[in-house]
């Protein structure tokens, strides 16, 4: 017997003896005082004493049992926490090597795809939520380091797009911002062109091609370096730089937002290749205009179907009162591409008193079946070094987990939903799926390139063996004729050029045309088809529509009172002021300054659109193997000669059209026809001198919507006071608005008559005449050089074929490794399911299969360790749904079958 047990026995014996003695003393006293007390009463007293003794004994035993249970529970909690901590530590070391292998592998695949012009999209996450829901802290946890953006309100005014690039050589984060042009921005701008809705290689939204055109994904080899700042920004200066860029675009008042994103490129050895969008927070109250602008901006960001939405809500907000989730549901009704995350869980977990209350909360209310949210807490401390930040995240997670264990929550049921590590693992799995979804199509495209290269080699060899001047002349004339016809078809409207490949959105057109932007234009009008990839006549017509919006948005320039006073001179025959003459002079000068530059820009943009058709037409004709004359497209020197004549023709009509337009502008402004203006009812008079951007926007929309409004009479005055100044300026502004309206219509007509029509009527004869008049010597010079070019091209094609086959085999090797890993995981899954039914519902394989069928579920709760090929990759037939998720049939592909690619 232990010392404690002996002591307890002694206490019980002592207490029992004391109680018995007390009762005995009382009884003896009673007997002595009452001789009539019988033995039955004595027995009752003894029984009562024994009962009291037993009750006291039970209480002591209950206290001891409770104390033992608490000690056992505490020991179990400590053991589980230590196991969880060890699991986290082990996963860090394992993932450090396995993920690095994966990143390196997919970097190679992305570079191969880039070299062969194959689409290989970088996955994208869009983080949305209310203000103070912890969006920036969540992003920091994915990045692995803090940059203190959460201490400011800058995230509420401009989207921040972080392009994470895995770079093994960067053991510390390397951060660079994308260059920005603030020349057309001003503090009062509420928004700008819709540059934030789009995706990589998704043609309905290609204007925001951050993965390719803006430089994201796949390592720095794919980046257009001149779009990024030459210098790196230290991590501790990121916040200051983001604030500066935000204020430059939206002003310092804090009451404006801009849809133009800030791009931040982060190269780091310990991150995935991923684009993350940090969005302005939804507003619950305050300025209704600001709430609406933010809501619309975020909707545009989450609309692209390829983007994964991370919807954050604070854990202390009741399920029925959530705001972000209903807004996201409007865009993603079944949450098929949405991850639900409840932040600041540490504020909620301390309110959970028992197992039942914990389970009720963790199950969630009003959420689609099988859609389980994550619950995370993140460190509150700021300015932590990278390794301390990781340790703080670990301790924060373990603290939440400890509190849940203490109230006995079901680990098997809810463990996979707790902590940032489960979210990160889940996101990693999704990234692997996205990469794998790219793998098979890329492999098929590589095989197609191999076959095309083999066919090109055959064509070049045949052309080299059959080459003489007479034959080449005939081929050239047929090719030129077909080329002219193809240009006409592209202008009239045709999809033969593949808009997905050759089309441009309005943003892409502006970025690639090398033409200066519209001066002083900073509005987000709904330009027709601006988000669609167009070429030819459709792209030209979109430009004219944009031009009308631009010219109507031009306001009468600020005019000083000195200018007005100087413009009111004297007549040859009298000294009476002529206000109409003063207003006319001011109007003529200001109109030339504001409107004339637009002529140059619209003509240069028109020429750019027409010049693009050369490459499109040559590509179409070169793919037509049924026409033997199209083999002349193999001769680079001939194509350069043809392109030279084609662009010479465009430059000629551009010059002629510019001359006519400027002459017409002089005609319109030289002599003012007041009767013409007085009959104009489309323009409603307004204060031409003080116009806000919002008023300009509404006025342009009303004009473009053809609303009929009233006119205004002229007025006179003699004194050069403020009233006279206002009247003269209003007259000049009235003249300006009239010319602005009529001239926009005139330019459209002139462009169609003197720029577009010659492309139909004169281009064919111009190019045909040129080549028909070339002498034999010129042909010999042109095609003798072409023979050397063909020989060089043959060598390049042969080398390309070798390289392409090597890369194709590399893709096959990756695929086989994934398939092998899948089989191993399936075997492990089968084994574990026989031991535990609950764990089989949460393993990684089933999670992936559910995700690929459009449902995201909870990641594996039993392990944070993930090999680089945990995700399954099966049957090649992709069935694309409306939400752009992919179903994959379950039988594995045998790509090693020699006839596989022939069958597909």
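Cβ coordinates are placed from backbone N, Cα and C, and glycine is handled just like the others.
Feature annotations, reproduced from Swiss-Prot:
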type	residues	note
COILED	44-102	coiled coil
REGION	53-93	region 'Disordered'
COMPBIAS	67-90	compositional bias 'Basic and acidic residues'
DOMAIN	119-441	domain 'Dynamin-type G'
REGION	129-136	region 'G1 motif'
BINDING	129-136, 278-282, 343-346	GTP binding site
REGION	169-227	region 'Disordered'
COMPBIAS	183-213	compositional bias 'Low complexity'
REGION	278-281	region 'G3 motif'
REGION	343-346	region 'G4 motif'
REGION	378-381	region 'G5 motif'
COILED	781-811	coiled coil
REGION	821-840	region 'Disordered'
REGION	853-904	region 'Disordered'
COMPBIAS	853-876	compositional bias 'Polar residues'
COMPBIAS	877-891	compositional bias 'Low complexity'
Field: Leading stretch by Cβ pairs under 8 Å, where the reference is the region 'G1 motif' (129-136) and the options are 53-93, 278-281, 343-346, 378-381
entry: 278-281
- request: Around the Cβ of residue 279 (GTP binding site), how many other Cβ atoms lie within 10 Å? Please give the count over every shown protein chain.
  value: 25
- line: Residues outside the coiled coil (781-811) whose C-beta sits under 8 Å from one of its C-beta atoms, at least 6 past its ends, are 108-109, 112, 116, 439, 442-443, 446-447, 449-450, 453-454, 456-457, 460-461, 463-464, 467, 469, 472, 634-638, 641, 774
Field: Spatial neighbours of residue 345 (GTP binding site) that are distant in sequence (at least 6 apart) but have CB under 8 A
entry: 315, 375, 376, 377, 400, 418
Task: Have a look around residue 282 (GTP binding site) and count the other CB atoms within 10 A of its CB, chains all included.
output: 19
Message: I want to check the contact list for residue 132 (GTP binding site): same chain, sequence separation of six or more, C-beta distance under 8 angstroms. What comes out?
response: 281, 314
Statement: For the binding-site residues 129, 135, the largest set of other C-beta atoms within 10 Å encircles the C-beta of 135
Task: Going by DSSP, give the three-state secondary structure for residue 135 (GTP binding site).
output: helix
Where residue 345 (GTP binding site) falls in three-state DSSP terms: coil
Task: Could you put numbers on the helix, strand and coil content of the compositional bias 'Basic and acidic residues' (67-90), residue by residue per DSSP?
output: 24 helix, 0 strand, 0 coil
- request: Indicate whether residue 282 (GTP binding site) is helix, strand or coil by DSSP.
  value: strand
- request: Take every residue in the region 'G5 motif' (378-381), average their pLDDT values, and give the whole-number result.
  value: 84
